[in-house]
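**Q** Pasting a structure below so you can have a look.
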């Protein structure tokens, strides 16, 4: 909090810049970029030559005007694009923040915030910089944040200040704060921070749980104070944003190459004509010296040839036309308007049209081979909906007609009437009325089902007004389940560290919360132990079905079979499932177990393992209640779009910050993952050696199976193993799923080729828990080694670096702000529009551009070679074959007017009017119309066309057999393999129904359970009993436990039980 002292260290300010130019750098940088085009540089050299009178036979005006026109048009377009980037930067930099300056809070713009400043944040405000949390309005310095801009997750995360700073809530105390922070240098690791606070002769360890990163949003916290650690471009958000790159299409690069070859051809023509001039001057020209004397500086025939060479370079310069670039830019501009005007890419609900934010990449859309997509908000709407459930062997959620036939649910389908429940959520929709009738029956399993959903969770309620409940869930899945229980009559009203208050079918009920057995990635389940108002102790548990079924009482075996069938149906529809179970505990058993829990909670060594064993003990012998099915709503048309793009041989990789299970569940919903795939490889190694081994095993598995399933001839397959044809002939379908920790090792130089080879052998690739920078690294890996056109699509700030790295960036204008749109080349509202962008606009842009270039080069070669040929008839004197005053007019006349003039003359000479004026001279009235109506005329046209095209077609067919391309070889091998061993391949396609069902839908982190029971996150403590104080004291080390657990990387779950175990 001492600006004068901190300014000595030259820390970065909080001003950000995503634009490429400013007023002073625009001209030199833009000209440098434009002169990377060979033709532009060539015409500058040509202009210099035209300024030499002894060489030039054309005016310099003919070159400088089109050159300046091209440069100006391109510069205006680039300046317009950069203007919008400046506008966005100003909007962010001018946001207001409260900064503690000279004893009072003063409003400062974000760009004026400095490292070391103490700033105040209020609820729902964006964090201005990377700050160290000092204190907050919540007890114990807690605060809640949403990190959607960083990792795409909308679930809340908890942060806590150091205990020594948590009481600095007063401005006067903050003014006396003179701590010094020593920390790591700026980096792009979002989940890691290491530092030390030196204050009052003590040292305090700092980690990521005490940091609020730029881009986060403060939620459910009235206010908090923090000290700025990193600002501006040194914040982790900006460190994860790639640099703005100058994107050029492959056609631009091809044109540069063609220009070089054409320039070489031009040099050859100049040399030939110069040699011809030298020979002509030596043999013939000397005889005409009196009539055609040499200039004073022209001393010999060789020197005359040298000057003639440069003259012809100028005359024949039209073979490299600068008008080509103007024409290409106009064509691209027209294609951009087609995209902007496309009504089929207009989203009516949000009033958002498609927008081509750049005009230089349209034809590149038709060559995309790899698509890298974010998940949350791009493929999905990030809205969890309670869709179906199975209770006591009965499914609910489907709608049937009077003939007991299942009816498809549409917007017109009547919803269940929840008017009997005054506290229901008006936005909740359910369509099966039978569930409402079942829940009204006293003592039914349906009531126990919803009672479990209302009790077993870590949701925090907030009642802003009477009956106006708002649930703050760390996972959208939990929010959907608690909301479902609320609508069906089991309303979660309030919680304290020791109680949970429900409203059950209109009656208030308070449960004593005895223990929370928290979720983690190994357990894949969560349990609560409560004492109900009747004094009975019950354990309620929810989790992955494969985990719950192993811990059921034998009396639930029949119900388990029925529920398992229902779960398979739910999973087949792409729903995220959970199994629910309960257990009655005796008072004596619970007291003994509670003593064990208290003892294990205080041991130092192997505490986590002993706690897990104790949880395992109490969760045995449960009774099954049923299962839930939640739909993570996909955007409309996502599965169809992905299927269509796959048919176009475009590979789609999903790069997401979500959990592995969540990402896989969406993969199944999108049909990117299917149960009939040969294998889904999950790479989750913790060390480089483990990752290397898993990658190699997966690759060997694919290549080994492909060898056996193709021809059985191992030697022949080994020949193809290194051939690019072999990769394309793999008919079996595989998928690769890799976690962020493993990806960090796989992207190391020694493993990146193995990763890329394996990923390209798989039909689907999903990378989960990845940072924004890792997304960019994956795109760069493919771009660098595959030499393929890449496209990245996302909707949040965490996708910006990926969008900037790819050849083409597409922004989805969704729920996570406009950062992705502002950094993108194209933007629209829905993922499904990507199909039309690539397969319609991309294809036609590329098709038109290629035809245009072919015609343009043909026209210019025809025009230029006239002068080359004319040189042989004018003594190689560099004379112009066509008058410069009218050659352009003639060019345009014949190019644009030939067809119009032909048809105009044809119909005019045979029109009624001309026959009326000159009946003797124009007797063939209506001949043109009559000819075109005769079948014989069209037959002649058809035969002429066939005769012209037939030789080309025959040659094309023969070329496939005589000179096959790589594509022809691949197609031939695929067809031969399908014919040889179709049965053997089918035997290898194993159906795995548990892959989705075990994808437990929790996205929240471990630790909330202990946080709740500690009472540290409760706003007002209303309990003063000694029992409450004892419980709080016992859990005083809750935050240490959380941090210890967070640092552990969860092991992979045990293998799924085979189907015959359930039969």
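Along the chain as shown, residues are numbered 1 onward.
Keep in mind that glycine also has a Cβ here, set from the backbone N, Cα and C atoms.
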**Q** Of 58-76, 77-95, which span is tagged transmembrane segment by TrEMBL?
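**A** Of 58-76, 77-95, TrEMBL gives transmembrane segment for 58-76.
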**Q** Pick from 926-949, 950-973, 974-997: which stretch is listed in TrEMBL under region 'Disordered'?
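**A** Within the set 926-949, 950-973, 974-997, TrEMBL attaches region 'Disordered' to 974-997.
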**Q** Among 801-823, 824-846, 893-915, indicate the range for which TrEMBL gives the feature transmembrane segment.
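**A** Based on what TrEMBL states, transmembrane segment spans 893-915.
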**Q** Can you dig out which of the ranges 192-218, 219-245, 300-326 TrEMBL describes as transmembrane segment?
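**A** Feature transmembrane segment in TrEMBL: residues 300-326.
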**Q** Looking only at the domain 'P-type ATPase C-terminal' (821-879), what are its DSSP counts of helix, strand and coil residues?
**A** 44 helix, 3 strand, 12 coil
**Q** Of the recorded positions 374, 519, 576, which sits closest to residue 799 (Mg(2+) binding site) by Cα distance?
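**A** That would be 374, nearest by Cα distance.
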**Q** Neighbour count, 10 Å Cβ-Cβ cut-off, for residue 374 (active site, 4-aspartylphosphate intermediate): what number do you get?
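**A** The answer is 30.
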**Q** Are there 3 or more C-beta pairs under 8 Å linking the transmembrane segment (258-280) with the transmembrane segment (852-873), counting only pairs at least 6 apart in sequence?
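**A** When sequence-distant Cβ pairs are counted, the transmembrane segment (258-280) touches the transmembrane segment (852-873), since at least 3 lie under 8 Å.
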**Q** Return only the integer: C-alpha distance in Å from residue 374 (active site, 4-aspartylphosphate intermediate) to residue 519 (ATP binding site).
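**A** Just about 26 Å between their Cα atoms.
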**Q** Whole-number Å only: compute the distance from the Cα of residue 576 (ATP binding site) to the Cα of residue 795 (Mg(2+) binding site).
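**A** Here the two Cα atoms lie 23 Å apart.
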**Q** How big is the gap, in Å, between the Cα of residue 769 (ATP binding site) and that of residue 795 (Mg(2+) binding site), rounded to a whole number?
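**A** Distance between the two Cα atoms comes out at 17 Å.
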**Q** Can you work out the mean pLDDT of the predicted model over the domain 'P-type ATPase C-terminal' (821-879)?
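**A** Looking only at the domain 'P-type ATPase C-terminal' (821-879), pLDDT averages out to 86.
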